[in-house]
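Take a look at the structure below.
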Amino acid sequence: MKLLKDILYGVHLTAVSGTTSCDIASICFDSRQVKKNDVFVAIKGTLTDGHKYIDAVVKAGARAVICEELPDTMQDEVTYVEVENGNQALAVMASNYYGNPSKNLKLVGVTGTNGKTTVSSLLYQLFKKAGYKVGLLSTIKIMIDDAEYPTKHTTPDALVINKYLEMMNEAGVEYCFMEVSSHGIHQKRTEGLVFEGAIFTNLSHDHLDYHKTFAEYRDTKKKLFDQLSKSAFALTNIDDKNGLVMLQNTKARKFTYALKNYADYRAQILENQFDGQLLKIDEHELWTKLIGHFNAYNMLAIFATADLLGLQKLETLRLISELDNVDGRFQYFISKNRITAIVDYAHTPDALKNVLETINTLRTGNENVITVVGCGGDRDRSKRPVMGNIAADMSNKVILTSDNPRTESPAEIIAEMEAGVEPQHFKKILSIVNREQAIKTACQLANDNDIILVAGKGHETYQETNGVRVDFDDFKIVKEVLNNLDK
Ligand SMILES: CC(=O)N[C@H]1[C@@H](OP(=O)(O)OP(=O)(O)OC[C@H]2O[C@@H](n3ccc(=O)[nH]c3=O)[C@H](O)[C@@H]2O)O[C@H](CO)[C@@H](O)[C@@H]1O[C@H](C)C(=O)N[C@@H](C)C(=O)N[C@H](CCC(=O)O)C(=O)O
Ligand SMILES: Nc1ncnc2c1ncn2[C@@H]1O[C@H](COP(=O)(O)OP(=O)(O)OP(=O)(O)O)[C@@H](O)[C@H]1O
Ligand SMILES: N[C@H](CCC[C@H](N)C(=O)O)C(=O)O
Ligand SMILES: [Mg+2]
């Protein structure tokens, strides 16, 4: 039990009815989970409004209700607190409830359209190798040093974040790296957290269903930097045209990285091969297994972060060369007949273009590139035609297919992708709704030495349709099919 007034510390209250000196069992923002003596926080969401469920939570035994407007009828035994913003209140309350765990470790946030999982997972690996106890909150998984936990979000809700940070405190974790998505920032899931630093990777087309305009999407990302303290660091990629925007209003110490422009941290690509690339960072040569110019940015970002967090530069470079690729990011397998199958989480136009550019620059002869790709349902529809055309333009053959249709019709999503394909590429494309069948067809079409790219789902081990997730693993399937075809 915790006192309501302690949980509310730092929350801007606009009205209170009842006592705040009451005991609270736990914080809840979903009426369906409220138990006796809980405090319920009403949130205005995208589908419904938590305020509609206030009567129901009171019946279920809630001791207190936090809301943006006090209800017309109030019960004497319940405390009602009015706040300006439910999401913000929830985030601050969650931090207080779990003892402000972000203050007891060095928390670094990574934001940007692409590269968040890669950068945060590599930082986790790097700091582990350097001998520290490390935490990770990422799209793929949550790690408390060596213990792994599943996750459904890139940036979980404030209660989940703070619960895991508290567990990290208990486990003696010193550094934690976390992905900060634009949905997370917009829904204030990370407010109330104390960041040691923040990293910006890049900004390109995504989530314009949710943020409506690119400017709004950019400004949402920028908020992470606006909220940093004076002692924190703000590290940005200034080869990206929005890199400097992130630093405009931050109080933090500002640092830049770049491959093309003058910056505090610079890298050069000396060699690029299928099994790795040679980089020059800080006058030192460094071999990394991660390929593609986008990964040169990722490696530079982690080198700079390690330096800003006080690791020795030479030791960092040595450890970076040992880092392994992240699951589902350019994960490849070479078959008996030298067909290369690559699984990559490219689910945005920019990521798809980068991956195909990398593949095309590594081609040594006249091998064909066969791409299997789809676009997610209930997500930004305007990505679909653009991704359809990028795939067709940069591959010899494309199979358009499904990627988590969610509540949409898979065939209609594919039709929207097809609509973007320019006429000169029409003969390259095939559409197969069933993703397994699409992968099988790509494998059947592949000749010796060809390259198959299966894009969009990366590490995911499911396909989601109408709220139901069935087991589905791109890498496992493509490997099995090629082996069974004896190719
Ligand atoms: C669009 C979106 O982001 N939605 C998130 C949001 O839910 P919502 O706004 O739809 O909530 P709602 O259903 O309208 O309900 C409003 C409030 O009423 C409450 N409620 C609802 C029903 C009821 O009977 N009783 C009740 O109390 C709900 O608990 C909620 O507090 O708040 C929920 C709780 O935090 C999230 O789980 C949910 O994520 C949904 C499932 C989702 O798919 N989000 C994706 C888009 C997302 O967040 N992705 C980013 C990654 C993007 C990227 O990296 O590219 C992420 O960080 O994971
Ligand atoms: N720095 C980068 N710049 C551009 N593209 C990148 C970069 N790093 C990775 N990518 C591409 O984007 C894909 C997704 O990378 P990653 O999972 O690291 O991004 P993310 O930002 O975590 O994505 P999400 O928003 O889904 O969490 C990769 O599979 C790769 O194709
Ligand atoms: N974080 C991204 C992941 C997209 C991955 C893709 N496979 C899909 O399901 O659309 C999102 O939630 O939009
Ligand atoms: Mg991610």
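FYI, residue positions are counted from 1 along the chain as it appears here.
Note that Cβ sites are derived from N, Cα and C of the backbone, with glycine treated the same way.
These features come from TrEMBL:
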- 24-98: domain 'Mur ligase N-terminal catalytic' (DOMAIN)
- 110-305: domain 'Mur ligase central' (DOMAIN)
- GLY112, THR113, ASN114, GLY115, LYS116, THR117, THR118: ATP binding site (BINDING)
- LYS221: N6-carboxylysine (MOD_RES)
- 328-458: domain 'Mur ligase C-terminal' (DOMAIN)
- ARG379, ASP403, ASN404, PRO405, ARG406, GLY456, GLU460: meso-2,6-diaminopimelate binding site (BINDING)
- 403-406: motif 'Meso-diaminopimelate recognition motif' (MOTIF)
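Projection of TrEMBL feature records onto the structure.
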residue: ASN114; record: ATP binding site; Cβ contacts under 8 Å, 6 or more apart: THR201, ASN202, SER204, PHE294, THR348, ASP350, ALA351, ASN354
residue: GLY115; record: ATP binding site; Cβ contacts under 8 Å, 6 or more apart: THR201, ASN202, PHE294, TYR297, ASN298, ALA301
residue: LYS116; record: ATP binding site; Cβ contacts under 8 Å, 6 or more apart: VAL110, SER138, THR139, THR154, GLU179, VAL180, SER181, THR201
residue: THR118; record: ATP binding site; Cβ contacts under 8 Å, 6 or more apart: LEU290, ASN295, ASN298, VAL326, ARG329
residue: ARG379; record: meso-2,6-diaminopimelate binding site; Cβ contacts under 8 Å, 6 or more apart: HIS207, ASP209, ARG406
residue: ASP403; record: meso-2,6-diaminopimelate binding site; Cβ contacts under 8 Å, 6 or more apart: HIS347, VAL373, GLY374, CYS375, GLY376, ARG435, GLY456, LYS457, GLN463
residue: PRO405; record: meso-2,6-diaminopimelate binding site; Cβ contacts under 8 Å, 6 or more apart: GLY376, GLY377, ILE413, GLU464, THR465
residue: GLU460; record: meso-2,6-diaminopimelate binding site; Cβ contacts under 8 Å, 6 or more apart: GLY328, TYR345, ASN404, PHE472, ASP473, ASP474
Within 10 Å of the Cβ of THR113 (ATP binding site), how many other Cβ atoms can be counted across all chains shown?
23
Taking the mean position of the Cβ atoms of ARG379, ASP403, ASN404, PRO405, ARG406, GLY456, GLU460 as the meso-2,6-diaminopimelate site, which residues outside that list, in the same chain, have a Cβ no more than 8 Å away, listed in sequence order?
HIS347, GLY374, CYS375, GLY376, GLY377, SER402, LYS457, GLN463, GLU464
Restricting to the motif 'Meso-diaminopimelate recognition motif' (403-406), report the mean pLDDT as a whole number.
98
In sequence order, those binding-site residues of LYS116, ARG379, ASP403, ASN404 whose CB lies under 6 Å from ligand 3:
ARG379, ASP403, ASN404
Of the binding-site residues GLY112, THR113, THR117, which sits closest to the residue listed as 'N6-carboxylysine' by Cα distance?
GLY112
What number of additional C-beta atoms lies within 10 angstroms of the C-beta atom of GLY456 (meso-2,6-diaminopimelate binding site)?
27
Once GLY112, THR113, ASN114, GLY115, LYS116, THR117, THR118 are set aside, which residues in the chain still have Cβ within 8 Å of the Cβ centroid of the ATP site?
VAL110, VAL119, GLU179, THR201, ASN202, ASN298
Based on Cβ atoms within 10 Å, give me the single least packed residue among the recorded positions LYS221, ARG406.
ARG406
Among ASN114, GLY115, LYS116, THR117, THR118, ARG406, please name the binding-site residues whose Cβ is nearer than 6 Å to ligand 2.
ASN114, GLY115, LYS116, THR117, THR118
Reduce the DSSP letter at THR118 (ATP binding site) to three states and note it down.
helix
Please give the meso-2,6-diaminopimelate site's span as the largest CA-CA distance among ARG379, ASP403, ASN404, PRO405, ARG406, GLY456, GLU460, to the nearest whole angstrom.
17
Near GLY112 (ATP binding site), which residues of its chain come within a Cβ-Cβ distance under 8 Å, counting only those 6 or more away in sequence?
ILE199, PHE200, THR201, ASN202, LEU203, LYS221, ASN237
Can you name the residues of this chain that are 6 or more positions from THR117 (ATP binding site) yet have a C-beta less than 8 Å from its C-beta?
SER138, THR139, ILE140, THR154, GLU179, VAL326, ARG329, TYR345
With helix taken as DSSP H, G or I, strand as E or B and everything else coil, how many residues of the domain 'Mur ligase C-terminal' (328-458) land in each class?
52 helix, 27 strand, 52 coil
Please give me the CB contact count at 10 A for ASN404 (meso-2,6-diaminopimelate binding site), counting all chains in the structure.
24
